[in-house]
Amino acid sequence: MITHPKYIFVTGGVSSSLGKGIIAASLAKLLQAQGYRTTIQKLDPYINIDPGTLNPYEHGECYVTDDGAETDLDLGHYERFLNVPTSQANNVTTGRIYQSVIDKERRGEFLGKTVQVIPHITDEIKHRIQLLGNSGDYDIILTEIGGTVGDIESLPYIEAVRQLQWDLGENNALVIHLTLVPYLSAAGELKTKPTQHSVKTLMESGVQADILVCRTEHELSDSIKTKLARFCNVKKEAVIQSIDASTIYDVPNLMLEEGLDKVVLKQLDLESNQPDLGRWNEFLKRHKNPKGEVTIGLIGKYVELQDSYKSILEAFIHAGAENEVKVKVESIHSEYLSKDNVQEKLSHLDGVLVAPGFGERGIEGKIDAVKYVREHNIPFLGICLGMQMAVIEYSRNILGLDNANSTEMDEHTPHPVIALMESQKDVVNKGGTMRLGSWDCNVEVDTLAYISYNRTEIKERHRHRFEFNNDYKAQIEAAGLIATGYNPETGLVEIVEIPSHNWFVGVQYHPEYKSTVANPHPLFVSFVAAALTYKNNK
Ligand code: GLN
């Protein structure tokens, strides 16, 4: 154990979408695998207080932590790689920084001073960066700065990093700069100039990169590395190649081969050991050598976007490896699904997952899909809105409750089988006001949920406003859709199942947020197993 926490800052240059989050998570994994207590934080330079109010078209999925923070999807990668929960402190936006400073100003805490970007905003950023370090829970804190250097909105963050490097002193902090080394096919060459310019931009703000991680489609030759080292003021061993990988889960091993962990530990004056990646490599081996394949339909309204169902897709990778099968996920747009084409679009699938979501768009397609899989005994997992759709479908088609709906979609429905909780009725503000974060759930024995979790007390993460309406519970259960999990304090229904069906489970919470490489989520593992059985019995 080390007495003073060490800080690693990860900045990005040249282009966005280079995968800073994956590089940070991979390095953190290597450090954790050498016995260092490691965490990662993401600083996002936008003005929203958190991504909770953002449409998935903007930054992809909104990830949710145990303590109910609505965060950037990179935190999902951190948890999946490290298997350590993140929290509110792991994601900070410019909006939140300004909000705290402005609140302090209103309380008179600045004693009549003029409140300015420097020092007040930068001080608040420095404070947020050090919160995790001061908790005493970690040896090494990696802080990923969102955006690209040179962006106007990133400036206060880069300045905070510059100051912190001085405050913390030598060997206690370092800067990793992630850049792109593009290949110009016409010239047949890799080009270093964009990286040189990006390092120069960083230097204009007084920050010298200690380590360069260079994204590239082709191997960086020795002479390219020498050139980058010479023109960017870094040691040659600190020029790290990050070549395109077939899976993000290869990146820790690729970084290990490049010696990223060694350079980092040396600069931080910490001992480096052989990382223990046993469990990780075991997972990789199973992931890369599947013995079979199942096809699961993912029904949602953002399916054209890779990032909007990130945690669900990753949970399938974990559950696939656990079952030693490849899970082929077929994205199906709910808006284009109808009674007339469900057969054609779904009949070949081995399982169907109806995705979470908000608003009316595409919901009738989701309901048609649930009806089809229910009638054809195809394994079904409904998450959040997906579970609500299952309840609505059952109410309409089995109980004969015409126009049953959620009051989210139809305020005046004659049968509000999904409705707003009393405590949500007066909520006006949008951000951070849903039922969020980890809630207890008691699982009934002899149910699919119990068989999957193998326990009666679980905790799962939520992000929704509407709930199963308990006024309809007796009626719905008598007809064959039963509640198999509920919150012990409120009695809210968290899990529903159809015992007469092959494998039909709807959950009001989001199991996908808790699936990690080390702990594939039990419900996803069972769902994939059920899909495999279904396929084999076809
Ligand atoms: N829109 C639904 C609700 O608010 C479901 C939310 C979700 O799927 N995350 O209850």
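Along the chain as shown, the residues are counted starting at 1.
Backbone N, Cα and C atoms are what each Cβ position is placed from, and that goes for glycine too.
Annotation source TrEMBL lists region 'Amidoligase domain' at 1-270. Summarising the annotation, TrEMBL assigns UTP binding site to Ser16, Lys191, Thr192, Lys193, Pro194, Thr195, Gln196, Lys227. Summarising the annotation, TrEMBL assigns CTP binding site to Ser16, Asp151, Ile152, Glu153, Lys191, Thr192, Lys193, Pro194, Thr195, Gln196, Lys227. Residues or ranges marked as ATP binding site in TrEMBL: Ser17, Leu18, Gly19, Lys20, Gly21, Ile22, Asp74, Ala245. Residues or ranges marked as L-glutamine binding site in TrEMBL: Tyr57, Gly357, Leu385, Gly386, Met387, Gln388, Glu408, Arg465. The Mg(2+) binding site feature in TrEMBL is assigned to Asp74, Glu144. Per TrEMBL, active site, nucleophile is recorded for Cys384. Residues or ranges marked as active site by TrEMBL: His510, Glu512.
Averaged over the region 'Amidoligase domain' (1-270), the predicted model has a pLDDT of 94.
Residues Ser17, Leu18, Gly19, Lys20, Gly21, Ile22, Asp74, Ala245, recorded as contacting ATP, have a largest CA-CA distance of 18 Å. Sequence-distant contacts of Thr192 (UTP binding site), defined as residues of its own chain at least six apart whose C-beta falls under 8 angstroms from its C-beta, comprise Val181, Ile224, Lys227, Leu228, Phe231. Residues Gly357, Cys384, Leu385, Arg465, taken from the recorded positions Ile152, Pro194, Gly357, Cys384, Leu385, Arg465, are distinguished by a CB atom under 6 angstroms from ligand 1. When the Cα atoms are compared, Leu385 (L-glutamine binding site) and Lys193 (UTP binding site) turn out to be 48 Å apart. Mapped onto three states, the DSSP output places Leu385 (L-glutamine binding site) in helix. Under 8 Å, Cβ to Cβ, and six or more positions away along its own chain, Ile22 (ATP binding site) finds His77, Ile248, Val251. Residues near Met387 (L-glutamine binding site) in space but far in sequence (CB under 8 A, at least 6 apart, same chain), listed by position: Phe468, Val496, Gly506, Val507, Gln508. Taking only the Cα positions, the spacing between Gly357 (L-glutamine binding site) and Ala245 (ATP binding site) is 31 angstrom. For Ser16 (UTP binding site), other Cβ atoms within 10 Å of its Cβ number 11. Looking at Pro194 (UTP binding site) and Gly386 (L-glutamine binding site), their Cα atoms lie 45 Å from each other. The 10 Å shell around the Cβ of Ala245 (ATP binding site) contains 14 further Cβ atoms across the protein chains shown. Note: Gln196 (UTP binding site) has non-local neighbours Leu228, Phe231, Cys232, i.e. same-chain residues 6+ apart with C-beta under 8 A of its own C-beta.
Secondary structure at Ser16 (UTP binding site), as computed by DSSP, is coil.
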